[in-house]
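Feature annotations, courtesy of Swiss-Prot:
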- GLY259, LEU260, PRO261, TYR262, VAL263, GLY264, ARG265, THR266: GTP binding site (BINDING)
- 398-598: domain 'RdRp catalytic' (DOMAIN)
- 846-881: region 'Disordered' (REGION)
Amino acid sequence: MSDIFNSPQARSTISAAFGIKPTAGQDVEELLIPKVWVPPEDPLASPSRLAKFLRENGYKVLQPRSLPENEEYETDQILPDLAWMRQIEGAVLKPTLSLPIGDQEYFPKYYPTHRPSKEKPNAYPPDIALLKQMIYLFLQVPEANEGLKDEVTLLTQNIRDKAYGSGTYMGQATRLVAMKEVATGRNPNKDPLKLGYTFESIAQLLDITLPVGPPGEDDKPWVPLTRVPSRMLVLTGDVDGDFEVEDYLPKINLKSSSGLPYVGRTKGETIGEMIAISNQFLRELSTLLKQGAGTKGSNKKKLLSMLSDYWYLSCGLLFPKAERYDKSTWLTKTRNIWSAPSPTHLMISMITWPVMSNSPNNVLNIEGCPSLYKFNPFRGGLNRIVEWILAPEEPKALVYADNIYIVHSNTWYSIDLEKGEANCTRQHMQAAMYYILTRGWSDNGDPMFNQTWATFAMNIAPALVVDSSCLIMNLQIKTYGQGSGNAATFINNHLLSTLVLDQWNLMRQPRPDSEEFKSIEDKLGINFKIERSIDDIRGKLRQLVLLAQPGYLSGGVEPEQSSPTVELDLLGWSATYSKDLGIYVPVLDKERLFCSAAYPKGVENKSLKSKVGIEQAYKVVRYEALRLVGGWNYPLLNKACKNNAGAARRHLEAKGFPLDEFLAEWSELSEFGEAFEGFNIKLTVTSESLAELNKPVPPKPPNVNRPVNTGGLKAVSNALKTGRYRNEAGLSGLVLLATARSRLQDAVKAKAEAEKLHKSKPDDPDADWFERSETLSDLLEKADIASKVAHSALVETSDALEAVQSTSVYTPKYPEVKNPQTASNPVVGLHLPAKRATGVQAALLGAGTSRPMGMEAPTRSKNAVKMAKRRQRQKESRQQP
């Protein structure tokens, strides 16, 4: 194969097949195989230039906010609930935690890595070996058809026109400005309550488009959402003997960035700190709520002051998303990920993940449900969708996050929300949180959450991730819409798409390419665009049956030419037909498949990267995965991947590497690993393995808290419009019940203690007067406590009702900087005296710092002195007898 360009006959064949006409001094290989691409220099690679660009485009750059220095504290002091964890072999908690509670402060900075760059152009090279293998195989076919030629051409074009990498600062900044334009431009974002929706009416729409069930399972119920994170890890037994740990924390990618205040570290490296800060935030919030903060007509200054102390929980790192971008727009197109601070991610995940992970409800298992949540195209999934399309009833729709699919007039429409996250307002997220709390965290109508969690979900979390801020270089800048990648991104986007479908139903379902449909943008303040439309969709799908070619799933042979596909763009999947199975089966959209083949991502898992032999193992996984997701349908790509995977296998075997051990972790090595989650995949593609992968199986049974209206979204939309739906008990009522139950349980406990005391000290007529009076005194004391607790319960319950009835979102105001040169001042990153009451956390932890000059040290700010005095008073009160 290495000689394919050395043979005159081969060069002549290649030239003729691909229309290459080399001039003097050129050869065929140079013209067909793209050279190493050197990206253009980034014009915004400095804080001052980036700040200036943003300001010139009307983008808000914020006054820099400083962070307290991290200080070390013993883990057992900060997390006494989890002291047992450090006694377990392989425990993840370190002996000490590094917490942001120091007296000195600094301005944080974050400089993302952009690759490839002018300095490192070959950071993610294209797969030239695969291209040469395909050219070699092409030359072996005496009369190669146009389909085979197209495979080589498509791979070559992708290598030439695209590059895999993380873009540029200019691309990130351009994306920010585009997000702002969506949020504030021709169709500015609109709060749903101002459009006539209520949280309950939106929830009733989501009952159809995203039905959810309770967290946990029948045989293992989930604990209520009433605890701090450290109490979600429950030890039963003795760590020195037999024990079991019940883990009620959400699943989190511990290899991802930890965010502020731990720039450059992963969540796994700061798991203790993540739990500790979340604990403290929720406990402080609970304390302030009990004091009346946030209730109707009360002073909110304490709550806003606390949120100001924790400002970093609303500031994500602006992380460039690595993708396969067009070289022509390399400078200006980079997608951003809002890398949330790990405590923020943990707390919001504690609300969303237990419910959503246990709600496998979609169009496959619930009649009338248009959701594609947890949809998998394999095992007959795509065939069910094609059958749905072929059914004569229409118009009809499917929805997943910011993707909408509509069949209308025998035409298939794939619609995307335009920069979906930018369309989200804080009220949209409030509605999403309302839905998760009232539909998911509910046990037969009773709430499984308390006032603290309801207030966090409804009144605080939306401000942390929507219209918040981000850090890039040393600039703190505003974000418009929700930060992409936060723990509520999916449900927020799904809610937006649901509102679009609701308006479509109320308009009597016009064609998506009509002006009437387009007017939904203005009405809702939600932008969208038609990504793909296919006319005569039923005819084209039926043609696949007639045109299916012999192949792995049609005759059990290697394909000699590809079967035709219909590119539905259904979450990236197309449809083709299997004669052997008699069903439609999924293949990755052709453009996406060949783009993935052109540019490998490489080993992204840092813990696997250091393993000897991992690069060869990655090749095995990559090539076989490409075949599984659709490469099996394209003769040259299939054969080239098969040959290259075989060569990598033989290399590992010759070196004595444990291939089975590597392949056991194949989902960590493949970008398509999620598509095969839960499947027992053998990474050797054969007719049998492909048939097993695509053989239809019954869908998972649904798990819902309330029955879904089989009339579908249209029936619910019309019923809401005409008022036939009753507005059921809202969140405030559930919080009232949750808080009352919690507080009145305290009263019941106090009363029980009094009764227990009475039983333990009977009124013995022979007892002396002193003993009888002591008994009476104890009983009166306990009864008085019970009475006070009961009264307090009623008062706090009333406050809770008023607090959550409010639709306001609590957030401090952060000033904008007018001069970009000030915002990008190089002093950022230096340490300076504390300027705000960040000691609130230190005070409640009982952890303070001291200076040689004491509390009145001149380098301390007024707030730092105030917090030091508070800690001193607390210390003195603890020392009193």
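Just so it is clear, glycine is given a Cβ too, placed from its N, Cα and C backbone atoms.
Quantities reported herein were computed from a predicted structural model and do not represent experimental measurements.
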Mind giving me a neighbour count for THR266 (GTP binding site)? Other Cβ atoms within 10 Å of its Cβ, every protein chain shown.
16
Those residues of the chain, 6+ apart, with a Cβ under 8 Å from that of PRO261 (GTP binding site):
LEU67, ASN70, PRO100, PRO108, TYR312, PRO341
Among LEU260, VAL263, the most crowded of the binding-site residues [Cβ within 10 Å]:
LEU260
If you count the C-beta atoms lying within 10 Å of each candidate's C-beta, which of the binding-site residues GLY259, GLY264 ends up with the smallest number?
GLY264
Which number gives the other C-beta atoms within 10 angstroms of the C-beta of ARG265 (GTP binding site), all protein chains shown included?
15
Using a 10 Å radius around its CB, how many other CB atoms surround TYR262 (GTP binding site)?
21
Applying the rule Cβ within 8 Å of the centroid of the Cβ atoms of GLY259, LEU260, PRO261, TYR262, VAL263, GLY264, ARG265, THR266, what extra residues of the same chain belong around the GTP site?
SER257, SER258, THR270, LEU317, PRO341, SER342
Would you report the average pLDDT that the model assigns to the domain 'RdRp catalytic' (398-598)?
94
